[in-house]
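Pulled from TrEMBL, these are the features on record:
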TRANSMEM  B:6-26  transmembrane segment
TRANSMEM  B:38-58  transmembrane segment
TRANSMEM  B:78-101  transmembrane segment
TRANSMEM  B:113-138  transmembrane segment
DOMAIN    B:128-422  domain 'NADH:quinone oxidoreductase/Mrp antiporter transmembrane'
TRANSMEM  B:165-187  transmembrane segment
TRANSMEM  B:199-222  transmembrane segment
TRANSMEM  B:242-263  transmembrane segment
TRANSMEM  B:275-295  transmembrane segment
TRANSMEM  B:301-322  transmembrane segment
TRANSMEM  B:329-349  transmembrane segment
TRANSMEM  B:372-394  transmembrane segment
TRANSMEM  B:406-428  transmembrane segment
Amino acid sequence: MVDLSQYLPILLFLFIALGLSALFVFLPMGVSRLTGAHNPDAEKLSEYECGFPAFEDPRSQFDVRFYLIAILFIVFDLEAAFLFPWAVSLDLTGWPGWITMMIFLGELAVGLAYAWKVGALEWD
Amino acid sequence: MDYTASLYATGAEIGLSIAGLILLLVSAWTGTRYARLVTILAAAALFGAMIFSGHLMAESTAELTGDAFGGLFRADAFAGFAKILIYAATIACLVVTPKFFDARRQYRSEYPVLMLFGAVGMGMMVSAVDLLTLYIGLELSSLASYVLASFARDDMRSSEAGLKYFILGALASGILLYGMSLVYGFAGSTNYLAIRIAFADGFGTGAMFGVVFVLAGLAFKVSAVPFHMWTPDVYEGAPTPVTAFFASAPKVAAVVVLARMALDPFAGQIASWQQIVIFAALASIVVGALGAIGQNSLKRVLAYSSINNVGFILIGLAAASAAGASAMLVYLAIYVPMTIGSFAALLMLRDEDGNALETFDDIAGLVTRRPAIAWSLLLLMFSLAGIPPLFGFWGKFVVFQAAVEADMIALAAIGIAASVIGAFYYLKFVKVMFFDDRTERGIATSPAGHWAVLILAAVIVSPLGYLLTQPLGAWADRAATSLFIPV
Amino acid sequence: MIQTLAFYLFAVLVTASATMVILSRNPVHSVLWLILSFFNAAGLMVLVGAEFIALLLVIVYVGAVAVLFLFVVMMLDIDFSELRAGFMKNFPIGVAIAVVLLTELVLGIGAYRAGALQLGAPTGDAVPIPGRGNIDSLGAVLYTDYLFLFEAAGIILLVAMVGAIVLTHREQKATRGHQNIGKQVRRNPDEATVMKQPEVGAGVEL
């Protein structure tokens, strides 16, 4: 089994973060409930849209270009993810490891140059 | 690790990858204007890779030398034979492509680049002696194929074909990967040699599940029954040059991978996969023959024809002998020109407005309008049906001979009987072209590249092809024996 | 003790959030639940010592794949309430399939427990490098023994990129918004304007 004690700092950090953010959310709610007047009715709780009743789904259709951006992001995100084990093991892999990674980066750089040149990165 | 020897053994793949990267940049900077030039350069790169593979095959020895990259990749005669076929098929498909897309102004220089990367993937597949190499190569070639299937992106059917192929292909990859993980778990290695040693004296139910899943995943890729459902839809929807590609090069790669898988890592457990292969072979022959009968679309008929042919190829594998493997390779070498020739003829059948003639009604009385195409198709169809004076008969003959030698007389008998059913729709082609009343739709003239591919294919399948039996048989034997080198 | 507790915490959360992915009415909520289940799966991976997988889950799945899912959900013009309308109609078929799968599972596990299935023992001789973590050991083989496959994986990523661009990118037909400043500045009054002396009743031809 793994020695989990090495994760203690991050665990403490998460607990403190969770506690603080919960405090920031719920404290104002509680205080305002205790100090202010509170009589809701149906009209008050309905959403306010410049005086008109809301007449369509607020979720509008996205452009397909977002998808292209997301795919390109995934590719380069994976590239970055592969850099982590490479960086920490470079003393074990030596020059072959270094050259391997440079070729890998070169392949994706060709892809980036292609995407850039055909205008996949431009919005208009 | 000896890097020089490893790089030399993978020379074809590395060269094609570099060519692909350079051509990708060229296509980015020049746009669609030089798409034709990029296609020619890609074909030249493939030709170079073909020569290099032939060279590697010629100097390969009949004993196990060290595999490249510490046991990931083996450039033996078996892989060399398959690669020559794959690269030749890809070149032929590249030759007939530009004119097809030109008519609709859809041709772009990314097409040959994707073909090149697909060829790299297929080369890795057939040379793989490690499950990881196989998987990476398969994914590379499949990913390129998915994009190619929907390359005519404004065409609804092409997009649908790409989507279908992608979803079902991803499912099959998942099944294959699951089987591989089971095999790895129970054999303790992903290397073929190590798996063979681990499975040499019996294996448990868990490992058998792994083998079955691996076979199922590969059966999808070769479109063997019962994993064939995607084939007619994808073949019909994809642009015709892409269909010609799907029916030839990836099919060769998948069949060869299946053979290496069955005869190398699983060689100690023949009983566990032989029944599956026999079932898939017979089912493919029967379904391929019966399924095509009611079809009116020529591309669907050719899709069923490819399923049918896969069945005959698998009979060679079912024999599980060097003769069987050699027969498979001979059959593949004859199948590739037959199928590419048929699709090239289909590509040439278009009216003056550039619309493809895709149904039996459209080719009625073809002999009076385009006698050369009709006679070439006659040769190809008779050859696909396996009618004796033509070369297709030789492929079926060697496969059945291998089955009989392996004491599988019943299998051979059923196969021959089913091939008679299959002959029906091949003869329907001939009947419609030669004896039906002609329709009045005109047929546009065809470019020289199409003619070259069609005539070459027709010459190979004609009785002249028998001149090739001697060298073809010798090379196939040499390739097959390299699979059976004792550990 | 704490490991067992952590395991059950993560496992329960993974299962619960995965169930919510299917059950929530709003597809955007489904994606958010999916992100929660990715996080908990990463926790499970840390527990078994596969730190690199945990890292990948957070970086790639939460960071990129979930975003892609969100985009796709936003992009599709599907009325999801309409899709659910067929639920009751297909419910019996779904139940039948579920029962079949459950039976198979029970039979399989039963046969395994009873000793009728000899699954064989999984073997494996991969040993981590002493004194180094999981990620270091992985890197040590990935960039040397498997460098060929690593480069091929790079080509796969490249093909994915090219494929996405080929299938979705369209040349902009109108050049609206692309101003050529140099061309604008180079213009001078002599080229830009033309003097015409129209005759009466003849009009002007430009």
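Each Cβ is built from the backbone N, Cα and C atoms, and glycine gets one as well.
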Closest-packing stretch to the transmembrane segment (B:329-349), where packing means Cβ pairs under 8 Å, from B:165-187, B:242-263, B:301-322: B:242-263
Beyond the flanks of the transmembrane segment (B:113-138) by at least 6 residues, Cβ under 8 Å: 10, 12-13, 16-17, 19-20, 23-24, 27, 38, 42, 45-46, 49, 53, 67, 71-76, 78-79, 82-83, 86-87, 90, 93-94, 144-145, 147-148, 173, 176-177, 180, 183-184, 190-193, 195, 221, 245, 249-250, 252-254, 256-257, 260-261, 264
The transmembrane segment (B:242-263) and the transmembrane segment (B:6-26) contact flag, 3+ Cβ pairs under 8 angstroms: no
Long-range neighbours of the transmembrane segment (B:406-428), counting only residues six or more past its ends (CB under 8 A): 278, 281-282, 285-286, 288-290, 292-293, 295, 301, 304-305, 308, 311-312, 315, 318-321, 323-324, 360, 381-382, 384-387, 396, 399-400
Same-chain residues near the transmembrane segment (B:372-394), Cβ under 8 Å, at least 6 residues beyond its ends: 305, 309, 330, 334, 338-339, 341-342, 345, 348-349, 366, 419, 422-423, 426-427, 429-430, 433-434, 446, 454-455, 457-458, 460-463, 465-466, 468-469
